[in-house]
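**Q** Mind having a look at this structure? Questions to follow.
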Amino acid sequence: MSAAAPVVELKQITKRFPGIVANDAISLTLEKGEIHALLGENGAGKSTLMNIVFGLYQPDEGSIEIDGKPVIIDNPNKAIELGIGMVHQHFKLVEPFTVTENIVLGMEPKKGLKIDYKSAAEQVRKLSEQYGLQVNPNAKIHDISVGMQQRVEIMKTLYRGADILIFDEPTAVLTPQEITELMAIMKRLVAEGKSIILITHKLKEIMQISDRVTIIRRGKVIDTVKTSGTNPNELAEKMVGRGVTFKVDKQPAHIGEGILKLSDVRSKSKDGVPVLNGLSFEVKAGEILGIAGVDGNGQSELIQAITGLRKIDSGSITVSGKEIANLSPRKVSEMNVSHIPEDRHKHGLVLDFTVSENMVLETYYKSPYNQNGFLNKDVINQHAEDLVKQFDVRTPSIENKARSLSGGNQQKAIIAREIDKNPTLLIAAQPTRGLDVGAIEFVQKQLIAQRDQGKAVLLISFELDEIMNVSDRIAVIYEGQIVGEVFPQDTNDQELGLMMAGSLKRGGHADV
Amino acid sequence: MEVLGQLLNTTLVFSTALIFAALGGIFSERSGVVNIGLEGLMMFGAFAAAVGGYYAQEAGMGEWAPWVGVLSAMAVGVIGSLIHAVASITFKADQTISGTVINFLAAGSTLYMVKLIFDGSGETPLIDGFSKVSIPGLSKIPVIGEGIFNSYPTTYLAIILVVVIYFVLFKTPFGLRLRAVGEHPSAADTLGVNVNKMRYIGVMLSGLLAGIGGATITLTTTGTFAHNTISGQGFIAIAAMIFGKWNPLGAFGAAVFFGLSQAIRNYVQLFEWSKSIPQEFIFMIPYVLTIIVLVSAVGRSSAPKALGEPYDPGKR
Amino acid sequence: MSRIKKIFATDTYIIPLIAILLGFLVGAIVMLIGGYDPVAAYSALFKRVFGSPYDFGEAVREMTPLMFTGLAVAFAFRSGMFNIGADGQVMIGMTAASVVGIKLGGVLPAFLLVPLAVIAAGVCGGLWAGIAGYLKAKRGINEVITTIMLNWIALFLSNYIVRTFLLLQGQNRSEDNPASLSMTFLFSTFDNARLHWGTVIALAAATFFYVYLWKTKQGYEMRAVGLNPHAAEYAGMNVGRNVIKAMFISGVFAGLAGAGEVLGVFHYQSVFAASPGYGFDGIAVALLGLTHPLGVILAAILYGTLTYGSAGMSFGADVPPELIRIVIGSIIFFIAAQGIVRWVLKPFYFKRKKEKVL
């Protein structure tokens, strides 16, 4: 192995963005037939590095060699020519197109002027068989599962003859079973002579599948080690730069009376497809109920139903015994319900408002902010100053636009606003997505602090680790139903995974 | 029966310009660029056709002269659309504003040039334009023969283009790429499809087709170009495109519908009972119908997903 | 002090200025191509406006509806909507002022009649725009299309009302309107230029625009809806109601423009052959003024100067007045495509920085 040149060699790659060095003299080699993990926190520079390899960005300094030959990769076409393929974290699939159309886009087989869909589908079917992917060439993207969509992404690279595959956080949206299947696919790819770079921040996967690991932190390579010679604790420490505890500190819960109660909630999408399918559960004061599930099984709709953003067809939703189903979002908010939304840019903040203005987004109409129809700017600013201080929101001033804050600080601002409302029920949807370890710890601590103050907390997350660590009780959602309720100490990833995939039901209100 | 054939024929005369412009709009918007500038592009086309047609006629080109007009309209339409393309694609300007700019510049520059070329006159000299062409045999079919197969060459061209563009959009690699760029530009980009290039082509094709649309009006209806030659047709073409769900066949149907509502306005005045209706209300028909149609049709659900968003590869 | 510094540090103000210069430059080039003398033309333009008290007064008259329609378009823009229909709203406002003024002229004393006519114009303009707002809020229909269609409908509806109910026998216009907004006390100073109270109302409207949007609870809501309707909805604001309200207020501004024209300038209403075009000018003014009320007033002054002066240009230098539309279109183009202006400015910025280093 050492005799042949590495398939990819990155030499001293440096990439600067205004105000930040995203990659600082990064060097890395990928050997043929190897699975090389690239480990780092959100924002450590992994994605920037891979976008450079894939030709989406140009490095400011440094060089790239493929099979020992120096190359310049100035656009994705060049990368494709060199046999590099990328499986993006956020799938880049055209929804209304078929699997085949997505795969051949840009390299369509032709018959006369027309696209030769017949031979295209045939090629797709062959590739699918060769790597055991089981993809239906004629299915439309919006009709297939997330796991299948990822396989389409993989096939897009294979169709272009890629030998070097980059997987960017590939397991983020998969169930544990789908992750196992993906690992098998990756092994098979390597066995067929491909080489893989796996970008991830999940240590478990690295230990399971990779041959070597390169750890980067704040744009710099910290170390490259053989997987067989390391352990998760050592990797974590290198990634974060200090000792990390995997378990979140928390005292036993003091559970009080029921606060949020849903029974047999049903709702349909615009097209008449049921999205909430007789959903029932309860959250009590002083507990965190975690909703586990694969993206798209009704989580968003569930939150919308509780917060008044979606009408339900039947069933009941009560907060502290009062019916809130089909009330307006404002009315629900006034029932002491706080909501940390899933998409902070789209739903949580008005990015072009100042931090100060964002802090009163839900309370601007109340005294003392509103006086006879006019806003009292002094009071609003003072309130913002207080929250910024109390929750350590890093901003040059409260007059800065929310857009200029980092993701972690934006999330802190939202959490400050929502917790400041002193809610009886706090709904947190994906509250740590895209944050670095420090911010994640902060957010999780805040959730636990709320629970310790006797608030009911509903946590929705796709990250199983988070659900397992933070929740006092776990409810699993599948196709708009709660298919199981378990305690974190009585279950494991495998069992949760089976429930999330709909093949196991356990306990709770679900009619089994 | 005879009236019905005539009505159909007039409908097609009115529809033809709308069909061209709506097809143009489809190319632009399918690639992800809103084109509210269709009105201005039609104005450019109408102007160029009047001027080009006039000089060709003066040069003694006879029945070929209107075709020179069409070619001039295509060229000027494309040049006009480039302003929109540069602003909204290269410089990422707001697409609605940049389309509005086209409408402004077209209104100003066409009249400026008319006055410049024709010694201060506000109108181009009257030209012959196209004559209707009967298709042997087919034009003898009752109603349809009179209605369809005895039309201006531009009408035949429009109908052929509907089919051709449908084929291009849905059967060819070019069409697949264009639609991909309008739906999910970064997906297309990562597969090596040049997003900006596709969008430039989309916008330029919209200029070309809207230009022909404008030419149709000068060369088959008015015979001259003045400040009111194009008055709202571009906007109705946008409505036709939306109503037709960004599909050439649908847009064709919608354009014919709007053409019909305009034709009815003329025909209804032939009847005695219509005298009791104030003419203004008859004039309103197409516009009221447009709103009613939009109210009853599905909203933007079928619009290209990335419509209106400048593509920024750094953003994911 | 630091505030003043901030104003000059940002390029928010520089870009429109450069865009205006570039626009004039494009106009000059177009004139050169056409064989005209741009210097003579531009100086004729400004001479026309500032040459006599009458012309100056008339230029102010020209600016007034532009202020209103500019504010109308800008207000809708701030709330996330593109109101292309100010034109129709102006016509509806005119018609309302005509109906009230002419029909109630013999019944009410002037001090009631005039305010009533003005209010009717504003309210009717607002309701007309509100139709588009309603269709957007309830049915999700793009307001661009509906407001354009409503322009046509307003044109025909206004003509119908004038022809049927208000017609001066044998003429293509309404009877004279007894309600008057004219500032007759200024007529001697400005040589009978048609100055009217509408200008004052427009300045008041700009003040209202600023205070309402940036100082009140409702304005806060409206800006939130305009900047991010999703977040506004999540925060418990009623997006649909704000959309309708914003369009209504936008339409009120436009309707008041109509009142000014009918009650202050013409004192009757014509049967229109085509749309008078106030609304489209309003789009230009709003974009030119960066949709800020103060900017809109300044932009209206510029635009009014250019359009009123363009007549002098065609008279003095024989240049077709349409040239001004090219100039204005170019200015908006450069403002919209700010990248081009930044690109033009780049060498200057670099120079300045280098100087600093040295």
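Backbone N, Cα and C define each Cβ position, glycine as well.
TrEMBL feature annotations, pasted as is:
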TRANSMEM  B:6-26  transmembrane segment
TRANSMEM  B:33-55  transmembrane segment
TRANSMEM  B:67-89  transmembrane segment
TRANSMEM  B:101-118  transmembrane segment
TRANSMEM  B:152-170  transmembrane segment
TRANSMEM  B:200-222  transmembrane segment
TRANSMEM  B:234-260  transmembrane segment
TRANSMEM  B:281-299  transmembrane segment
**Q** Between B:33-55, B:101-118, B:200-222, B:234-260, B:281-299, who has the most Cβ pairs under 8 Å to the transmembrane segment (B:67-89)?
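**A** Between the candidates B:33-55, B:101-118, B:200-222, B:234-260, B:281-299, the best contact partner of the transmembrane segment (B:67-89) is B:200-222.
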**Q** At an 8 Å Cβ cut-off, counting only pairs 6 or more apart in sequence, do the transmembrane segment (B:6-26) and the transmembrane segment (B:234-260) clear the bar of 3 or more pairs?
**A** yes
**Q** Cβ under 8 Å to the transmembrane segment (B:200-222), counting only same-chain residues 6 or more beyond its ends: which ones?
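**A** Residues 13, 16-21, 23-33, 35, 38, 41-50, 53, 66, 69-70, 72-82, 84-85, 88-89, 127, 129-130, 152, 154, 157-158, 161, 178, 181-182, 229-230, 233-234, 237.
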**Q** Same chain only, please: residues at least 6 beyond the ends of the transmembrane segment (B:152-170) with a C-beta under 8 Å from a C-beta of the stretch. Say none if there are none.
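**A** Beyond its ends, the transmembrane segment (B:152-170) has Cβ neighbours at 12-13, 15-16, 19-20, 23, 26-27, 30, 70, 130-133, 178-179, 209, 212, 215-216, 219-220, 247-249, 251-252.
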